[in-house]
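> So that we are looking at the same thing, I have put the structure below in structure tokens.
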Amino acid sequence: MADQSSEPYAGNKLLSEVETSFWIPLVEISADLVRVIDKQTKSKMQAHTNFTEAALLAYLAGVFESGMSMTELSNRLNLSASRVTRIIQDMEAKGLVTRNQSKLDKRSNIVRITKVGVARLNEDGPVHIDTVREIVFSKLNEAEMKTLAKLLVRIRQSLAEVDHNLT
């Protein structure tokens, strides 16, 4: 009989083969998705914005008049407040967004897309969309995308519940 203490994870339950075959690719995709899309977009030398900037512009375009708080942008993109602040400062310097103190809460800043930002989104948006279609959507049929979307929503809801309970 083998010495249990010399075995990896001795005494702990390991992921099953099926769980492992799901978990490892999920973690790898989480780490690689934005990086590879940015790299592909840059290699085409067609986009002036990276994936995160394009996502921010898209969110802000959806709330053109009202804008969005820095906290909400941080939550939507799952980025730290300091990272969003740096990105918004860079985008503000490029004239893509404006940032103003909230009239309702003086502690909060509201970010709005500018006309320059809308023009940049209109120019770069199709490049980012084409890249996502090429890398992701072209590999799946419609039924697979619908099934995967449902599964990812369930996982995302579970994460949101746990996150909510931890705060």
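Counting begins at 1 with the first residue displayed.
In case you wondered, yes, glycine gets a Cβ from its N, Cα and C as well.
Pulled these from TrEMBL:
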DOMAIN    19-157  domain 'HTH marR-type'
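Each of the listed features needs to be described in terms of its position in the shown structure.
According to DSSP, the domain 'HTH marR-type' (19-157) comprises 98 helix, 12 strand, 29 coil.
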> For the domain 'HTH marR-type' (19-157), would you mind checking the mean pLDDT of the predicted model?
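A mean pLDDT of 90 is what the predicted model shows over the domain 'HTH marR-type' (19-157).
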